[in-house]
Structure formats: structure tokens, C-alpha cells
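**Q** This structure is in C-alpha cells; I'll ask about it shortly.
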Amino acid sequence: MTSATIPGLDTAPTNHQGLLSWVQEVAELTQPDRVVFADGSDEEFNRLAAELVEAGTLKKLNEKKHPNSYLALSDPSDVARVESRTYICTEEESGAGPTNNWMDPTEMRSIMTDLYRGCMRGRTMWVVPFCMGPLGVEDPKLGVEITDSEYVVISMKVMTRMGKAALEKMGDDGFFVKALHSVGAPLEPGQKDVPWPCNDTKYITHFPETREIWSYGSGYGGNALLGKKCYSLRIASAMAHDEGWLAEHMLILKLISPENKAYYFAAAFPSACGKTNLAMLQPTIPGWRAETLGDDIAWMRFGKDGRLYAVNPEFGFFGVAPGTNWKSNPNAMRTIEAGNTVFTNVALTDDNDVWWEGLEGQPEHLIDWKGNDWYAGKTETPAAHPNSRYCTPMSQCPILAPEWDDPQGVPISGILFGARRKTTVPLVTQARDWQHGVFMGATMGSEQTAAAEGKVGTVRRDPMAMLPFLGYHVGDYFQHWIDLGKNSDESKLPKVFFVNWFRRGDDGGFLWPGFGENSRVLKWIVDRIEHKAGGQDTPIGIVPKAEDLDLDGLDVSVDDVAKALAVNPDEWREELPQIEEWFEFVGEKLPTGVRDEFEALKQRLSEAG
């Protein structure tokens, strides 16, 4: 088929010639049955959802329990981000750095063009315009995803500001990131479709220099919703490096003191370290309140007043379901209960409700994420996939901060780095200054989770929780952080802290209860920012004593809190060779400033006896 004979190409609702010529070029390559520009309307969402129910991709859930909500079960081979098939294709291999897979851009384009040839046959090609962040900003970060997946279209409506308004924002010549996606499953005439089309061959490719994303073979979240990690972190981190800002894997939290003073925090945690739970915190200490602005991504720029301001580029939550419950995260549960949610790979109850491991009230019988019968106490495999998800609108969150859609963003008082560590790392540590904070973030290590491929439980370095999401060389990224600090007024920079909710005692149990009780740690952090709280200088930074924390009403022994806060120089000396090994991996682009902090740490540990 030529472009002249592909229905929909001649009725595009835009005069943007750059967009139109790209859409035509992709249509001629991929050969869809028709082209449709998504408008982002509720009517479109409902129509597509109904079609996906008819096709067997979605199941409509119990309207009383989850209004306008659906469950999708993926192909068992397509359940998570595929880091082994994720590429950063810079002109020079050194541009991608040692943390990324690299291929020559010309070679990659050739391979993927062959894969794309005819790949949308028998399908509809959707043109999905979207905006990352509030539509009202001076310099909106726009994108267009071309996809052959209706699941992607409805998910993009939840996760981004998608459709007509974003297309209008582009005008006739506005810049946009080109994001091309196909499940790689063409249909021959008369061929029956499968509920979850995908391909064994997968590529999730980024071209940072030309701001393009090409994805093939996967229908799953992070590989297919290209506004998510692909744009808002991998491409945006390269943009941020070039333009002098930060695109980070961070939640944004607003904490309000009993005096009604607001503090805003950005916090970076690797997957499954409690990021969403902290973003939707319910403080347990009287008089303190929390509101959320985002649970996954923060874009931060310096304002005219010299402070660092953050916006959340996303429009929805794409959270891990297992472990989410009325105790760990009641606000996530309330957000989901409000409806308009697409669940993926959770279990289905007999009354068309959803269930996952960790959720209260385990039923006797379920249909598991593979579509099989599951019986409590008898079936040995999990009912929900460990990386199963809910995709739900942010606007439904009961503790959403009113500033969530403010183009100016919010001024950040503190940056938190965190990780999942059983030993060594205290409950909370304050960095001595910005550069020391960069060192803390650069050397983060966390135990592996189910959100990515790899062995669960092993510790891997995950700098600023950005290891899988950097769009350029990790050493240049560290230098970018240091430079932003050097070029700023230090008195206006956010204070930097490191937290670890997951330290364990000798009996293997958690020393700190976590969840809402983490507000006690945040209170100490606020008091440090206000120069009100005590803390002891240790070789690794400033750490509170147990009595420096507000422990009123906490059902944990002071002894356990002290153990959670302990700094053991011997354990930290064991950490040093691992950090050295990580720095060798980063290579010659490791900034001098980060190396200096490491040498200073070694010196302080040697003096600690």
C-alpha cells in the first residue's frame, strides 16, 4: 500500500508538516490498514476499552468495586522492562558509557527498519500526541508516539496529557520527540489476533542526539508507553544535560508541619524500595500532613530565585501492585478504588475484582495472571506477577497537592536518596554538602527487585536510582550534578540525605517499621533543614541518635532504633572495595569531585579505629 491508499492519512487534524511527513514515512514502512490520530477523549478511551474487551485483551472489572476499570493479562514472555534489549545509540560509543548497551545508530536504524517493514499489517496505526508535564509551561516537552497497540493508547491517556490539547500545543512547527512503537505482530488477511500480541525479538532503542525512541516487540508498560522511562528519563536526561536541568527517577512529596509550613522533597529509590509508599505517605505523628505531587519522576530546574524547582512530567501512577494494601499505602488503594484504572498481570477474583499478593482478604480461588485456576494453600506459584501493575489517574489521589499541575513546579528543600540494604547503611544520614550528597547518590547500592531482569536479592550499584535510565555516560551525569551545585548559591541548594528503611537485626527482622512511621525520619530532616535537630558527625555523614528522633507513640524499642541508626566502621570498610570496583567500571570519566569524596571517606574510616 502506498501512503495515498492508507485510510486516515489524508484527514490528519494538524498542519504540522514535520509531523505529517514522519507519519507518512512510518505508514509507508509499516503498512497499517489505517491511520488514526488519538484525540485523548473519554469517549475514545471507552470505545477502545470496549473493543479490547471484545478482543480478549481486557476484562471489564466489577463496576461496584472498580468503576470503569479493566484487567489485562500479558504474554508470559512480556512482563517487565528488558534491560538486555534496551539501547542508547549515540554517535560515539563513549557517549552511552559503560552502564548502557550501545550500537552504532546507523546499524541499529538498519536492523530496526527491516523489523518495522510491514509490521503493522492488519492493524491500526495510532498517532498519539502527548505532553510531558503541565501543558501551561513556557517550553512544553512534547512527544508523539506512533503505535499499533490500543492498550498503549488507553494507557497513554492515563499516564500523559495526551490528545488534542498536546497536538494544538505543537502548532505548525513545534519540536516533538518522535517515539515509534510496534508490538511486531502483523496480521495476514483472515488471521485471528491473540489477546496480547508481541514478538520474541525485542528492541527498546533511544537516539539521544536526535531525541528519538524506537521500540519493537513488547507491549509491556515501560517498553511500550514511551512517555514513561524512555522519554521522561532516558531522552530527558540527555536534554537536561544539554539544557542545564535534571531529569530524575524521583518522587515529589509535600510535607506540611503543625505550623502549616510546607516542605517539598524529591526522593530517588530503586524499584520496590517504597517510592510510591513514601510519595503517598500518611504521617503517624500528630499535626503533620503529607501531600503527593508524583511517585516516579521529577524534572528539576533552577528558578529565577536560585532555588531548585520540581515538576512531575507524568499524569498518572504506574505502580507495582504486589505489596500495595490498606496498611502499606492506603492512599494508593483509594486512588485505585476511584476507578478508571487499567491493571496488568494481577489476579482475578470470582466476582470480577482484582487481587494480588500482600492485599488483604486472600480468596480461596482466583484466576492467576497466566489465566489459570489458583487455589489458596495449594497453588505454589504467585497469583499475581511480582511486577504486576496498576495504571491510574493522578487526579484521583485523595492527597494530591494543589500544585501538582503548576507549570512553575515546587521549590525543593531536600533531596533523599534511598536503597534496600539489610546491613551497613543507617536509617538516615545527612550529607555534609552538595558534593558529598552527589557521592552518596553516585554510590547507592540496592538489592535486586522483580521490576527488572536479573537475580533477585543481589546488591547492584544504582546511582541516583538511574542505572537503567541514563541517556548518556554515567560519569558525565555525575559531573553534571556537581556542576549544577558549583554554579548555584549553596545556601539555596536542597540539603541531601540518604535513607534505608530496610535494615535488619540479628534475628533477620526489620529494625524500623517503615510506612507511615517514616514521617518521624522526615521530621528530623525538616528540623535539620531548620537547624533545630541534633545529629552526630560520623565517618559517613551526620546521623541522628535515637533520642534525636520523635519516637512518641512508636511501638519499637529504642534499642532497635539505635541499631537501625548505627554506623559500623568495619561494615563500611567492607563496602570500600565494592565502591572502588564500581568506580573502575565507571572509568576515566568519574569526576574528580566524586573521587575526592571517596578518598575523604577512606581517611575518616581509617581514623575511626
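Cβ atoms here come from the backbone N, Cα and C positions, even for glycine.
What you see is a predicted model, and the numbers here were worked out from it, not measured in a lab.
Pulled from Swiss-Prot, these are the listed features:
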ACT_SITE  Cys273  active site
BINDING   Arg81, Tyr220, Gly221, Gly222, Ser271, Asn387, Ser388, Arg389  substrate binding site
BINDING   Lys229, His249, Asp296  Mn(2+) binding site
BINDING   Ala272, Cys273, Gly274, Lys275, Thr276, Asn277, Arg389, Arg420, Phe515, Gly516, Glu517, Asn518  GTP binding site
**Q** Starting from the Cβ of Arg81 (substrate binding site), draw a 10 Å sphere and report how many other Cβ atoms land inside it.
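**A** There are 23 of them.
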**Q** Counting Cβ atoms within 10 Å of each candidate's own Cβ, which of the binding-site residues Asp296, Glu517 comes out highest?
**A** Asp296
**Q** Out of the binding-site residues Gly274, Thr276, Phe515, Glu517, give me the one sitting nearest to Gly221 (substrate binding site) by CA distance.
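**A** The answer is Thr276.
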**Q** I need the most crowded of these binding-site residues: Ser271, Asn387, Ser388. Count other C-beta atoms within 10 angstroms of each C-beta and give me the top one.
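**A** The most densely surrounded of these binding-site residues is Ser388.
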**Q** What is the Cβ neighbour count of Tyr220 (substrate binding site) at a 10 Å cut-off, with all protein chains included?
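**A** Result for Tyr220 (substrate binding site): 26 neighbouring Cβ atoms inside 10 Å.
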**Q** Counting all other Cβ atoms within 10 Å across every protein chain shown, which of the binding-site residues Lys229, His249, Arg389 scores highest?
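**A** Most Cβ neighbours within 10 Å: Arg389.
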**Q** Kindly assign Ser271 (substrate binding site) to one of the three DSSP-derived states: helix, strand or coil.
**A** coil
**Q** For Arg389 (substrate binding site), just give me the three-state DSSP call.
**A** strand
**Q** Determine, using Cα-Cα distances only, which of these binding-site residues is closest to Gly222 (substrate binding site): Ala272, Gly274, Asp296, Phe515, Glu517.
**A** Asp296
**Q** Hey, what's the Cβ neighbour count for Thr276 (GTP binding site) at 10 Å?
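**A** Counting Cβ neighbours of Thr276 (GTP binding site) within 10 Å gives 25.
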**Q** Sorry to bug you, but what's the C-alpha spacing from the residue listed as 'active site' to Glu517 (GTP binding site), rounded to the closest Å?
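**A** Given the Cα positions, Glu517 (GTP binding site) is 15 Å from the residue listed as 'active site'.
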**Q** Between the Cα atoms of Lys229 (Mn(2+) binding site) and Ser388 (substrate binding site), what distance do you get, rounded to the nearest Å?
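**A** With the alpha carbons as reference points, the distance is 17 Å.
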**Q** Rank the recorded positions Ala272, Cys273 by the number of other Cβ atoms within 10 Å of each Cβ and report the first-ranked residue.
**A** Cys273
**Q** Using the CB centroid of Lys229, His249, Asp296 as the Mn(2+) site centre, which other residues of the same chain sit with their CB within 8 A?
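**A** Here the nearby residues are Lys228, Ser232, Leu233, Ile297, Ala465, Phe469.
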**Q** Which residues in the same chain, at least 6 apart in sequence, have a Cβ under 8 Å from the Cβ of Gly274 (GTP binding site)?
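**A** Within the chain, Gly274 (GTP binding site) has Cβ neighbours under 8 Å at Gly418, Trp501, Gly514, Phe515, Asn518.
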**Q** Whole-number Å only: compute the distance from the Cα of His249 (Mn(2+) binding site) to the Cα of the residue listed as 'active site'.
**A** 12
**Q** If you measure from the Cα of Ser388 (substrate binding site), which of the recorded positions Ala272, Cys273, Asp296 is the nearest?
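**A** Nearest listed residue in space: Ala272.
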